[in-house]
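Annotated features, as they stand in TrEMBL:
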BINDING   Cys284, Cys363, Cys379, Cys419  [4Fe-4S] cluster binding site
DOMAIN    274-442  domain 'DNA primase large subunit C-terminal'
Amino acid sequence: MEIVRPQSRRNFLSSSSDAVSVPTIPLYRSAPSLEVRLEEFESFAIDRLRVLKGISDGMSRGKKPEEMENLVKDLWKVNMRHQQTSEVLNKDIISHFALRLVYCRTEDLRKWFLSMESALFRYRFRLLNTEAQRAVMEEFDLPYRAVSSAEFESIKEKLGQVARSMGQPSPSADAIFYKVPFEEVPELVAGRKVLISQGYAYVAMNQIVSLVATLFRSQLSKTLILTNRKWTSSIREQEKHRLTPIVEAVCASYLGPDYSQSRECADISLKDIDQVAKSSFPLCMRYLFEKLKEDHHLKHGGRMQLGLFLKGVGLNLDDALAFWRAEFSKRVGLEKFEKQYAYGIRHNFGKEGKRTDYSPYSCTKIISSTPGTGDHHGCPYRHFSEENLRAALSRMGVNSRAMEDVIDKARNRHYQLACTLTFEALHGMPCDAGINHPNQYFSDSRKILQSKKIAAAALLRHLVGAYTRGLRQCGKIFMYLPKQFNGRSWNSVSVSSWKSG
């Protein structure tokens, strides 16, 4: 696949004969011969990456197969659409090969990409009808054929036993089974979901996804290694001024909204910052904030991470200078602060140097940082020891049950999901989109707390109104009562005399 700058490119699936020959799901066996603009190469890759990361998050959350199917369907519909219907398949294939180039470069990248692409293929295959599934099987050129009626009748009882063990009805006479070597379907064998006889597994049509997904994964694993060799030997150097920077940046791309400017419900002032830090700062920023208050100093990495975050939540330049000046002057003195540190704060706001309006760091950037001795920046879920993480979560108010879930996700390197679970534990509400940015955490937190505050105020108004209406009703009742009770005024009547009377 050649990457070029010209605006025009030909549709490699434009002819009707080509369109018919390609199965519903591409198998990505070889890169197509076509021209792709760099802008499309990057944008298509990022759109597909959104799908893969959504799948990764869903799997990490332990979603059920039915939920994952719906998730994949929604992710694909939202991210892989194209203005021109005829270009949807092109985008599918281009985006796959673009990400294959991005993720071939290291063992960890290859492992993640292989797992997510295999999962995507699996769920897309399951969403196809039977005819389309058979078309994909034919594209794999599988040597296996459906079991004959005579052979089916000879093993029908055993197939029924396997089906009943899984809580399913016995197969009917028109059921389709494939006879394949058992090593081709390790997932089904491990789950005891197939009948095995004389080295062969009898795979039902509704289980065939296991077979084709295994073949797809094996094929992709081999091609990733070959792509890596070609990238290392030639492409990286040949494209160092054009394609290489894009390839190296895509896997670390932040895919959410820009937080360089404060968003709705996000403006704060100096008088609010201490209280807001406790209620709405994510753990990474709360830790930096606490260390700044404790030591009255942060190294460069910490100043950048916290400073840009505060800028993104609405702390203006004057308040930012006052905030940092108040803390640093306690340790380094006012004069040294103005000479050595004030410039950096103004620089972050685009008032010095290149006058670039810098954006707050995303979770991806924070997680990939490498804090050294004496540094306090980075992601606590990745960089803290388990003991320190437990202590930090406890100080935030995370209960013990939620804490175990958070620790488990952090231990398995699902750092953003660990942060998402922390958010849900503290706010008592689900965060389906997941946490991808510290400023997103803050913004979502403020919105939830604000809505709870409004709801509480509305409830209070309702109770006060009900109480007032009750008093008015009582007043109306007393208007119709006699002015005296047994010769005494109402004020002197006791509760006991009222009951006895």
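Glycine is no exception: its Cβ is also placed from the backbone N, Cα and C atoms.
TrEMBL feature annotations superimposed on the structure.
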residue: Cys284; record: [4Fe-4S] cluster binding site; Cβ within 10 Å: 29
residue: Cys363; record: [4Fe-4S] cluster binding site; Cβ within 10 Å: 24
residue: Cys379; record: [4Fe-4S] cluster binding site; Cβ within 10 Å: 25
residue: Cys419; record: [4Fe-4S] cluster binding site; Cβ within 10 Å: 27
Exercise for review: Taking the recorded [4Fe-4S] cluster site as Cys284, Cys363, Cys379, Cys419, identify the other residues of that chain whose CB atom sits within 8 Å of the mean position of the site's CB atoms, giving them in sequence order.
Suggested key: Pro282, Leu283, Ile366, Ile367, Pro380, Tyr381, Arg382, Tyr415, Gln416, Ile435, Pro438
Check your understanding: So what's the mean pLDDT when you look at the domain 'DNA primase large subunit C-terminal' (274-442)?
Key -> 93
